[in-house]
Amino acid sequence: MKFTVASRGDTLSDELCDTIKTRLLAADLAHDSDKPDIVITVGGDGTFLEAFHSYAHRLEETAFVGIHTGHLGFYADWVPEETEHLITHIIKTPFQIVEYPLLEVVIRYRGGQREPRRHLALNESTIKSTEGSLVCTVEIKGEAFETFRGDGLCMSTPSGSTAYNKALGGAILHPSLASIQLSEMASINNRIYRTLGSPLVLPQHHTCLLKLLNDVSVQVTIDHFNVPVFAENVDTIQVRVAEEKVRFARFRPFPFWKRVKEAFISE
């Protein structure tokens, strides 16, 4: 089996990465940062997201497992004190694959001047105006649903529903529900302008299309990473459940709701 490790960059994470690499090489596993079968992240969710995007082009061949040394560890199954146990499992135990849905984001430009850009998000994608309010038509399955006016919109995956979406008052969804959630950022609602004012949950076969109506520059993010878009020329942003899925290497049960409880409720 081929592996690679990704570190948060602090002293503890780097030391754990060195230990993992040394032990796995001694067990005749091959280190391959180009085509790994398993990616071991040591850090927080930021480290995990960076690793995910580094290998988003080979999700069918690569599985991920994380050790939590950062601030947030929603995607990490292990803590530093369990590193030796994880190493032993990787060497000796076939892992179970658990798959989570992803978000597909396609950005198109006015007049077809540039090629559409396709991205995958593990947590969410956001669109915000960099000057004034964002005004866009929201279409669902090709039908106009509403005209949004406000600071921006957040489109999240079920696992990403625990991140920015939660801060916006969105619901937490179990990853077995292949869906996307659309949440508003400071929408304008008065006797002239109306939006639903509530998060929307769309099933796998529904596509959501955002058509920009006002001539403003926008900022698009994928998992909080700024996307290099030509901000002044964005025409539409299409989101739906992606065909690809992220694959987690599970060596022991870690139910989703237990993960939610430990992240947000347990002291």
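Keep in mind that glycine also has a Cβ here, set from the backbone N, Cα and C atoms.
As annotated by Swiss-Prot, active site, proton acceptor applies to ASP45. Residues or ranges marked as NAD(+) binding site in Swiss-Prot: ASP45, GLY46, ASN123, GLU124, ARG149, ASP151, ALA186, ASN226.
On a Cα basis, the residue listed as 'active site, proton acceptor' lies 26 Å away from ALA186 (NAD(+) binding site). When the recorded positions ASP45, ASP151, ASN226 are compared by the number of other CB atoms within 10 angstroms of each CB, ASN226 has the fewest. Rounded to a whole number, the distance between the Cα atoms of ASP45 (active site, proton acceptor) and GLU124 (NAD(+) binding site) is 13 Å. Cβ neighbours within 10 Å of GLY46 (NAD(+) binding site), excluding its own Cβ and spanning all shown chains: 16. Under the three-state DSSP scheme, the residue listed as 'active site, proton acceptor' falls in the helix class. Other Cβ atoms within 10 Å of the Cβ of ARG149 (NAD(+) binding site) number 21 in total over all chains. Long-range Cβ neighbours of ASN123 (NAD(+) binding site) (same chain, at least 6 residues apart, Cβ-Cβ under 8 Å): LEU49, SER156, THR157, SER159, GLY160, ALA163, TYR164, ASP223, HIS224. In the three-state DSSP assignment, the secondary structure recorded for ASN123 (NAD(+) binding site) is coil. Each of the binding-site residues GLU124, ALA186 was assessed for Cβ neighbours inside 10 Å, and the highest tally belongs to GLU124. ASP151 (NAD(+) binding site) falls within a strand segment according to DSSP.
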